[in-house]
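Trainee: Positions annotated as domain 'NADH:quinone oxidoreductase/Mrp antiporter transmembrane' by TrEMBL: 23-287. Annotated domain 'NADH dehydrogenase subunit 2 C-terminal' per TrEMBL: 290-343, in sequence order. Under the heading transmembrane segment, TrEMBL lists 59-81, 93-115, 151-171, 178-196, 202-221, 242-261, 281-305.
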């Protein structure tokens with residue numbers, strides 16, 4: 001792809017998200033979502049093949065449907081309240097439609113079916129952007145209109161996402177699908193606390209983005225897309241293997257890694273507000289996620305699948321050079337648990 005095209009696409013992604021983040025008018029926020037959607041589609045279809053094209057079409061149809069519902073909710077809310085301000089969603093039906101449309105954009109259950117299929121069919125770089133950067137704009141809108149949302153609907157979407165995200169990743173062998181189901185589960189954790197303590201949603205999103213970026217950068221550097229290929233990673237680079245293991249454990253929420261902090265704080269807030277059943281369901285769903293993270297770690301450290309490929313031997317390999325982003329993202333996603341008292345005071 002031409003550097004000029006990459007520059008235009010990157011600028012469009014940045015512009016779309018920034019426009020949604022800073023706008024106070026519904027039409028401008030909606031325009032930012034549309035710019036984001038249209039900007040990533042050329043990246044999904046490069047290199048051009050049937051699988052990439054199919055995934056891009058699925059993504060476009062789902063996002064276009066969600067955008068149509070958002071526009072209908074915007075117009076209906078403006079008709080009922082005479083307000084185009086982003087924070088003014090006082091109509092109950094408009095707030096419900098907006099919640100469902102944003103759930104479609106974020107991939108929350110039961111609108112999650114497109115996320116694994118699209119992520120599996122596109123390149124690793126596009127999948128990384130899809131599961132990280134593309135979550136920011138819809139989450140920001142959900143964050144801003146959170147006082148107007150229905151608590152029962154959000155909890156239903158969130159608990160369904162965490163359970164289905166954990167259950168769906170159990171029988172997967174492709175790493176991109178596993179990361180897609182991990183994204184669905186993490187979006188459920190962010191959504192469930194949206195009304196109680198929105199600051200924890202932002203904290204969870206930042207830690208999730210840092211960890212997912214590090215994993216995708218590692219996979220892209222080693223060109224690994226399946227679990228059985230991880231058994232050869234120790235031959236290529238032992239530090240990369242250890243880094244991947246630490247990040248996966250952090251995503252699973254094991255102490256003393258950073259990923260434990262948002263889960264701990266979210267469960268604590270739910271218990272304080274007497275949502276004991278919701279907290280228990282989220283804790284059990286975290287075990288499902290942790291199971292398939294541990295399966296990846298077991299495969300990459302303690303097994304080697306049979307193969308006649310002589311490139312498995314270490315002396316045939318040249319160690320890949322990691323980018324500067326990987327160490328910084330690893331530190332953020334794995335070593336910030338001592339900052340928990342500061343985070344508690346801020347929230």
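Please read every residue number as a count from 1 along the shown chain.
The backbone N, Cα and C atoms fix where each Cβ goes, and this holds for glycine too.
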Trainee: Looking only at residues six or more beyond either end of the transmembrane segment (242-261), which have a C-beta under 8 A from one in the stretch?
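Mentor: Same-chain contacts beyond the ends: 182, 186, 203, 207-208, 211-212, 214-215, 218, 230, 233, 286, 289-290, 293-294, 296-297, 300-301, 326, 330, 332-337, 339-340, 343.
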Trainee: Given the transmembrane segment (202-221), which of the listed stretches 93-115, 151-171, 178-196 has the most Cβ pairs that are under 8 Å apart from it?
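Mentor: It is 178-196 that shares the most Cβ pairs under 8 Å with the transmembrane segment (202-221).
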Trainee: Which whole-number mean pLDDT does the model give the domain 'NADH dehydrogenase subunit 2 C-terminal' (290-343)?
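Mentor: Its mean pLDDT is 68.
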Trainee: Where else in the chain does the transmembrane segment (93-115) make close Cβ contacts, counting only residues six or more beyond its ends and a cut-off under 8 Å?
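Mentor: Contacts of the transmembrane segment (93-115) (Cβ under 8 Å, skipping residues fewer than 6 from its ends): 33, 58-59, 62-63, 65-67, 69-70, 72-74, 76-77, 80, 135, 138-139, 141-142, 145, 148-150, 153-154, 157-158, 160-161, 163-165, 168, 180-181, 183-184, 187-188, 191.
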Trainee: Which sequence positions outside the transmembrane segment (281-305), separated from its termini by at least 6 residues, show Cβ-Cβ distances below 8 Å to it?
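Mentor: 158-159, 162-163, 165-167, 169-170, 172, 175, 178, 181-182, 185, 188-189, 192, 227-228, 230-234, 241, 244-245, 248-249, 251-254, 263, 266-267, 270, 312.
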